[in-house]
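Colleague: Sharing the record's features from Swiss-Prot:
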type	residues	note
BINDING	29-57, Asn138	NAD(+) binding site
BINDING	Arg106, Asn138, Arg169, Thr248	substrate binding site
CROSSLNK	Lys57	SUMO2 cross-link
MOD_RES	Ala2	N-acetylalanine
MOD_RES	Lys14	N6-acetyllysine
MOD_RES	Lys57	N6-acetyllysine
MOD_RES	Lys81	N6-acetyllysine
MOD_RES	Lys118	N6-succinyllysine
MOD_RES	Lys126	N6-acetyllysine
MOD_RES	Lys224	N6-acetyllysine
MOD_RES	Lys232	N6-acetyllysine
MOD_RES	Lys243	N6-acetyllysine
MOD_RES	Thr309	phosphothreonine
MOD_RES	Lys318	N6-succinyllysine
MOD_RES	Lys318	N6-acetyllysine
Amino acid sequence: MATLKDQLIQNLLKEEHVPQNKITIVGVGAVGMACAISILMKDLADEVALVDVMEDKLKGEMMDLQHGSLFLRTPKIVSGKDYNVTANSRLVIITAGARQQEGESRLNLVQRNVNIFKFIIPNIVKYSPNCKLLVVSNPVDILTYVAWKISGFPKNRVIGSGCNLDSARFRYLMGERLGVHPLSCHGWILGEHGDSSVPVWSGVNVAGVSLKNLHPELGTDADKEQWKAVHKQVVDSAYEVIKLKGYTSWAIGLSVVDLAESIMKNLRRVHPISTMIKGLYGIKEDVFLSVPCILGQNGISDVVKVTLTHEEEAYLKKSADTLWGIQKELQF
């Protein structure tokens, strides 16, 4: 007896389903799900896989997204505790880890998250040996180093979300002061994602007009307009949001999909993201910090050599020393 499906549809071809543009998200907490919905809304993948250790939440999140399939253009949304669901991913986004508590510095989280990564990374490598790894979990610079060490991947394929969000926050706050959309406000925050990030005031501009040329005190203590406070707001903003709503999610999700789009579409846009910067700016250790990187289908193909002041370079070096001080104590 022919089934309804057989009566309706005549099959012409036996297909083997191998995804071409699969994205996996490890961790279905607030950040992971913000990444997931952002990716789905941008139509970046032909398959999205979700992985977590909390099976009920994982299944619930998957079903909730699947029920919206009519409104999406991603034909397959899967999930599982077993990493075999991640097979053949082009991009794996890692958001899993111990959550930052109110008032806790990102660096306090380290060893707890290293232990989690020791389980996650080998499983990803096993099922998607050619993927790009995008690390979002905090402290992101150190955990990108950890992912690089454990995976054995070349450094171009291990990327930290780094200062992409810090720079976005900076441009938003700058735009609010000037009454200009953030897309037209240009400024870069480099170095460590978080407390010791470095604003490059010399490069801040609108329509190619340097703000430092118009206002030489920009970013200094002598500045009567206190533009330095904009960077302080950037540093404090995550703590403030965590204090108010318990965690951050939407902005980091949007920031991550911005990076995912550059990778999946080979856009070769420049982003302030965390990469191995040994040999740059007098840094001699294996540390990952954010510098402007060209991002495309192979991950990070190039870095842009930014002209920094002596003071900015010293801050970057200090960040590197702080991170290395922690990294060399880590138990793998």
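Using the three backbone atoms N, Cα and C, a Cβ is placed for every residue, glycine included.
Small disclaimer: the values here were computed from a predicted structure and weren't measured.
For the listed features, I'd like the structural context: burial, neighbours, distances.
Modeller: Around the Cβ of Ala45 (NAD(+) binding site), 26 further Cβ atoms fall within 10 Å across all displayed protein chains.
The DSSP secondary structure for Thr248 (substrate binding site) is coil. Of all Cβ atoms in the protein chains displayed, 21 besides its own lie within 10 Å of the Cβ of Thr248 (substrate binding site).
In the three-state DSSP classification, Lys57 (NAD(+) binding site) falls within a helix. With a cut-off of 8 Å between CB atoms and residues at least 6 apart in sequence, the same chain places Val28 near Lys57 (NAD(+) binding site), listed in sequence order.
Taking a C-beta cut-off of under 8 Å and a sequence gap of six or more, Ala2 (N-acetylalanine) has no contacts in its own chain.
Long-range Cβ contacts of Lys14 (N6-acetyllysine) within its own chain (separation 6+, distance under 8 Å) are none.
All protein chains considered, the CB of Lys81 (N6-acetyllysine) has 12 other CB atoms within 10 Å.
Around the Cβ of Lys118 (N6-succinyllysine), the same chain contributes Ile150, Phe332, each under 8 angstroms and 6 or more positions distant in sequence.
In the three-state DSSP classification, Lys126 (N6-acetyllysine) falls within a helix. Remark: Lys126 (N6-acetyllysine) has Tyr83 as non-local neighbours, by Cβ distance under 8 Å and separation of at least 6 in sequence.
Cβ neighbour count for Lys224 (N6-acetyllysine) (all protein chains, 10 Å cutoff from its Cβ): 7.
Cβ neighbour count for Lys232 (N6-acetyllysine): 11 (other Cβ atoms within 10 Å of its Cβ, all protein chains included). Classification of Lys232 (N6-acetyllysine) by DSSP places it within a helix.
The number of other CB atoms found within 10 A of the CB of Lys243 (N6-acetyllysine), across every protein chain shown, is 11.
Annotation for Thr309 (phosphothreonine): spatial neighbours Ser202, criterion Cβ-Cβ under 8 Å with sequence separation of six or more.
All protein chains shown were included, and the count of other CB atoms within 10 Å of the CB of Lys318 (N6-succinyllysine) stands at 14. In the three-state DSSP classification, Lys318 (N6-succinyllysine) falls within a helix.
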Colleague: Give me the non-local Cβ neighbours of Ile37 (NAD(+) binding site): same chain, 6+ apart in sequence, Cβ-Cβ under 8 Å, ordered along the sequence.
Modeller: Leu65, Gly253
Colleague: Of Met33, Ala45, Ala49, Val53, Asn138, Arg169, which binding-site residues are close to Lys243 (N6-acetyllysine), meaning a Cα within 10 Å of its Cα?
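Modeller: Hits: none.
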Colleague: Using DSSP and three states only, what is Ala49 (NAD(+) binding site)?
Modeller: strand
Colleague: Need the DSSP three-state call for Asn138 (substrate binding site) to compare against my parser.
Modeller: coil
Colleague: Between C-alpha atoms, which of these binding-site residues comes nearest to Lys232 (N6-acetyllysine): Gly29, Ala45, Asn138, Arg169, Thr248?
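Modeller: Result for Lys232 (N6-acetyllysine): the nearest of the binding-site residues is Arg169.
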Colleague: Which is it, of Met33, Met41, Ala49, Val53: the one of these binding-site residues whose Cβ has the most other Cβ atoms within 10 Å?
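Modeller: For the binding-site residues Met33, Met41, Ala49, Val53, the Cβ with the most other Cβ atoms within 10 Å is Ala49.
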Colleague: If I take the alpha carbons of Lys81 (N6-acetyllysine) and Val53 (NAD(+) binding site), what is the distance between them in whole Å?
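Modeller: Roughly 6 Å, rounded to the nearest whole number.
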